[in-house]
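Quick notes on the structure that follows.
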Amino acid sequence: MASKSFKGRLSNLSSSSDIPDGLGKPPMPPTVTFGRRTSSGRYISYSRDDLDSEIGSGDFMNYTVHIPPTPDNQPMDPSISQKVEEQYVSNSLFTGGFNSVTRAHLMDKVIESETSHPQMAGAKGSSCAIPGCDAKVMSDQRGEDILPCECDFKICRDCYTDAVKTGGGVCPGCKEQYKNTDLDEMAMEGALPPLPLPLPNGMSKMDSGMSRMERRLSLMKSTKSGLMRSQTGDFDHNRWLFETKGTYGYGNAIWPKEGGFGNGKDDDVVEPTELMNKPWRPLTRKLKIPAAILSPYRLLIFVRMVVLGLFLAWRISNPNTDAMWLWGMSIVCEVWFAFSWLLDQLPKLCPINRSTDLNVLKEKFETPTLNNPTGKSDLPGIDIFVSTADPDKEPPLVTANTILSILATDYPVEKLACYVSDDGGALLTFEAMAEAASFANIWVPFCRKHGIEPRNPESYFSLKRDPYKNKVKSDFVKDRRRVKREYDEFKVRINGLPESIRRRSDAYHAREEIKAMKLQRQNREDEPVETVKIPKATWMADGTHWPGTWLTSSSEHSRSDHAGIIQVMLKPPSEEPLHGTDGTIDEARLIDLTDIDIRLPMLVYVSREKRPGYDHNKKAGAMNALVRASAIMSNGPFILNLDCDHYIYNSQAMREGMCFMMDRGGDRLCYVQFPQRFEGIDPSDRYANHNTVFFDVNMRALDGLQGPVYVGTGCLFRRIALYGFDPPRSKEHHQGCCSCCFSSRKKNKHASVAHTPEENRALRMGDSDEEEMNLSLLPKRFGNSTFLIDSIPVAEYQGRPLADHPAVKNGRPPGALTIPRELLDASTVAEAISVISCWYEDKTEWGDRVGWIYGSVTEDVVTGYRMHNRGWKSVYCVTKRDAFRGTAPINLTDRLHQVLRWATGSVEIFFSRNNALLASPRMKILQRVAYLNVGIYPFTSIFLIVYCFLPALSLFSGQFIVQSLNVTFLTYLLVITLTLCMLAILEIKWSGIELEEWWRNEQFWLIGGTSAHLAAVIQGLLKVIAGIEISFTLTSKSGGDDEDDDFADLYIVKWTSLMIPPITIMMVNLIAIAVGFSRTIYSVIPQWSRLIGGVFFSFWVLAHLYPFAKGLMGRRGRTPTIVFVWSGLIAITISLLWVAINPPAGTNQIGGSFEFP
């Protein structure tokens, strides 16, 4: 153990306002200053310099620093002092930011209700018995009191420290000397410490001055020839694991210098029969599409390409001389449609399916072996990000249910950390998360005990099926009834939080006004008392100001101007399982949790700092803040991001994703994308909300190339890929198309890279061939946080797959991740506050190359594109049971605005440097075509709008796009239609979607193409050319007042300008059909062929727009008046325009012979 002293200085409770403003330019970012309120009421602040330097005088506070259990510091249980410090950290609300002191406010209570779980912030405990001190007594991981004296006198940590340092070590209760004055020794009292593992020969204890990286990475020294493979010369990890006495440190192995292996003889190397007889098994498999389906599918694509080419050639060579304008418009549209179809179809040539083997994952990572005798999980850690911004638009109950599903997921508890990003800084979200953490105390053990699926309580208790099916435990019915009652009360508390916060704030505000008026009366005895105006603050449950956004916005307390906030809602769990007790014995437990692990994953609330004058980059900026904060606090090598309305439906989803990351070649995967599945969609899926064609056809097809695109949620990232590094062995896989011409020049470079240790080549950024990265450039890319930079190689190493196969390169030895984590301390959380400040990204590459990419409303697609452009691969993981489920807008207007946002982002991508035409050679050709289609598809709307009007123009004019409906035209049209239908049938076969889903997708393709996509093109062009940004807002509502209908929102009609083009198309085509019939019937020589052609294509347009027309009708004819007004205006305008253009026969004047009286 090593101790360090911190110099204490008194600091003010409020934010620092005495910092002088810079002259002419903004001040430089300050050094992080940590201020903390002790249990005795003192406020102590210390700067980063104080934390890193020894101080020889002044007021001291003792902190204990625990060296991680490397081979040089043998494993032992964490000290009580560290646990108490971690408890203080978890009970403190950390705030800070630009030009302000980083403070830790000790929370006596986080929510109004009581908390019983020992991991939760504000957990109740015994009070200190020292008069005048209301601090809590030290407690262990179960929340039980730690009493240092045999008289059981209750004393808090600060008072105990004072008694030992200044009181002569005398117990304030019995006045006897403490028998044990060392908290570290108290930790071991009553239990024998584990025997330390022997150090290798010739090695001694390392000094305490080593850096964190040096402590975590041990040395590899042995290169015994008997352990080398004869063919490859690589070290045989399998032999070393079973034949040597290696001791693992924080990552790498230390090999003993002993000469004998096996039976003790130097030359005899004995292989255990277990190793020889046990074959290596992969974690994943590729399931290829049957050739009976895929071969005809590819053939049909080729046939349709040929037919389209011949058809366009015929159309161009056979113009309609009677209506060249009509023919010309149709030719241009048809050429574009053929090009657009080609971009969409070519990436579908190589679809594949994949499967995982969870049994193999458990066998490799969680089964007792010689290197892991206890069977402790060797899986890497995962940091889960949940983003929310506005509790009014994203109900806290929905977010809380998502958090509960994460906390209850089937993954090692100590390996999980959940971070909730509240970009609005709302107290409502904060307290809702605290309520969720409190309810998790009973919900998570209940799920583990009975194997509950899904682990979202709202979804579970709303299941239509029998909840008692396949439940074998006799007490399930009783447990479920009790948990259901608790959940109902939990919902009442969540739904009552807005009113509770408002009432509490009003009460505290009234009290402050009364105090101010009393103070004014005391100062002005004879003068009349004026009304005192005090800013109306929002108050927390412990009676202090909320540092985030107030209900009544104020300076430094608004959505765009507030301090950074971090609150550890649930502190990190203990390394060993913590089993519950019988509910009849422990009154705090409603159910019997004997032999059930009651630990909860770490839960952290984060609200990044926002200040006026800074571009906070919306969701992408919030996600990058979480990346930095999590790197310092938990540093999981993998990151799962979820929207607040997407919960974990399959508790083993993360294990399935980890199968891909930990399999052979998994170190080259940047992310594993899961399909999005939705609940609450109407049975007919009127507006194609399920989007199954994209998720089950396009994404599976991309999985056969370089990987699926990133769609914003339900994605498991490799942290190193988000940092902007190139994939391992990138130079080996991509030598460029001209490598054969310049092989002599590149040969030496690649040879030098090949001789560089893989540990140095694993982290590479950019296109340079240097063997090692220039570490001096890292602060310019990642910022000035040394904690963050030090965490990068650790995350890279921990994310490697196991080196258990000759083909596994860049692997790690088994057992390397069974080492206990480092405990949270105050300086760590203070550093996390600094990296979420508004100034941290200045002059760095965050948002440009590192993290989520800025500059587009569809930051997800751009972020995935950048990774693929650097040579990374991605994988599409479709699980038998849906991995995640969320909600989607079933209302027509909301759906159109959702599509508008996506299309606007695509237009921005097309006009940016992220255009696939500018992709690097590392991206595969068909993958580039897929990304090119992402940027081009909105422009199809221009040609689609024109083509939808062509049938009406044909009926109005009496002409058609061809001279006559001859056999050649009809044959081409028939073949093109049949090949399209056959391709659709084969896609349905290999993807598993339904024919109705395919048809719904076709319908909404035209609805969105004639409304949202066109608006996106206009919006994008105005933004790029003129810098003008326009928005499309909602106006009136109608319908949807039936609260008993689950799909009431489907019938709500909210008028938006996006509806004008489709309505116009429908009205024009309907009028044109009537005009065409009238002309043909009453004409002397009826032109039936032209009428049939025009009417057929008009019905084709109207059939696609049928869901749109049905949506306008609302429910029971309750259509907004504005729809009738627009329809009437459009009909009258078209009629008058047609009469003006083509007046009746026998009149020469516009409008015929009609005259006003």
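Glycine is no exception: its Cβ is also placed from the backbone N, Cα and C atoms.
Annotated features, as they stand in TrEMBL:
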{"type": "ACT_SITE", "residues": "Asp423", "note": "active site"}
{"type": "ACT_SITE", "residues": "Asp860", "note": "active site"}
{"type": "BINDING", "residues": "Ser387, Lys393, Glu394, Asp423, Lys618", "note": "UDP-alpha-D-glucose binding site"}
{"type": "BINDING", "residues": "Lys619, Asp643", "note": "Mn(2+) binding site"}
{"type": "REGION", "residues": "1-37", "note": "region 'Disordered'"}
{"type": "TRANSMEM", "residues": "297-317", "note": "transmembrane segment"}
{"type": "TRANSMEM", "residues": "323-343", "note": "transmembrane segment"}
{"type": "TRANSMEM", "residues": "930-953", "note": "transmembrane segment"}
{"type": "TRANSMEM", "residues": "965-986", "note": "transmembrane segment"}
{"type": "TRANSMEM", "residues": "1063-1085", "note": "transmembrane segment"}
{"type": "TRANSMEM", "residues": "1091-1109", "note": "transmembrane segment"}
{"type": "TRANSMEM", "residues": "1121-1141", "note": "transmembrane segment"}
Field: Two-stretch contact, the transmembrane segment (965-986) and the transmembrane segment (297-317), at least three Cβ pairs under 8 Å
entry: yes
- prompt: Given the transmembrane segment (930-953), which of the listed stretches 297-317, 323-343, 1063-1085 has the most Cβ pairs that are under 8 Å apart from it?
  reply: 323-343
Query: If the UDP-alpha-D-glucose site is taken as the center of the Cβ atoms of Ser387, Lys393, Glu394, Asp423, Lys618, which further residues of that chain fall within 8 Å of it by their Cβ?
result: Thr388, Ala389, Asp390, Gly424, Lys619, Ala622, Cys644
Field: Listed recorded positions Ser387, Lys393, Asp423, Lys618, Asp860, filtered to Cα within 10 Å of Asp643 (Mn(2+) binding site)
entry: Ser387
- line: Between the C-alpha atoms of Glu394 (UDP-alpha-D-glucose binding site) and Lys619 (Mn(2+) binding site), the distance in angstrom, to the nearest integer, is 14
Message: Using a 10 Å radius around each Cβ and all protein chains in view, which of these binding-site residues has the most neighbours: Lys393, Lys618?
response: Lys618
Message: Looking only at Ser387, Lys393, Glu394, Asp423, Lys618, which the record lists for UDP-alpha-D-glucose, tell me the maximum pairwise CA distance in angstrom.
response: 16
- request: Using all protein chains in view, find how many other C-beta atoms are within 10 Å of the C-beta of Asp860 (active site).
  value: 24
- request: Quick one: pull the CA-CA distance for Ser387 (UDP-alpha-D-glucose binding site) versus Asp860 (active site), whole Å only.
  value: 14
Message: Just to verify: the residue among Glu394, Asp423, Asp643 with the fewest other Cβ atoms within 10 Å, which of the recorded positions is it?
response: Glu394
Query: Near Lys619 (Mn(2+) binding site), which residues of its chain come within a Cβ-Cβ distance under 8 Å, counting only those 6 or more away in sequence?
result: Ser387, Ala389, Asp423, Trp852, Glu859
Statement: In all the protein chains shown, the tally of other Cβ atoms within 10 Å of the Cβ of Ser387 (UDP-alpha-D-glucose binding site) is 22
Query: Reported as an integer number of Å, what is the Cα distance between Lys618 (UDP-alpha-D-glucose binding site) and Asp860 (active site)?
result: 12
Inter-residue C-alpha distance, Asp860 (active site) and Lys393 (UDP-alpha-D-glucose binding site) (nearest angstrom): 21
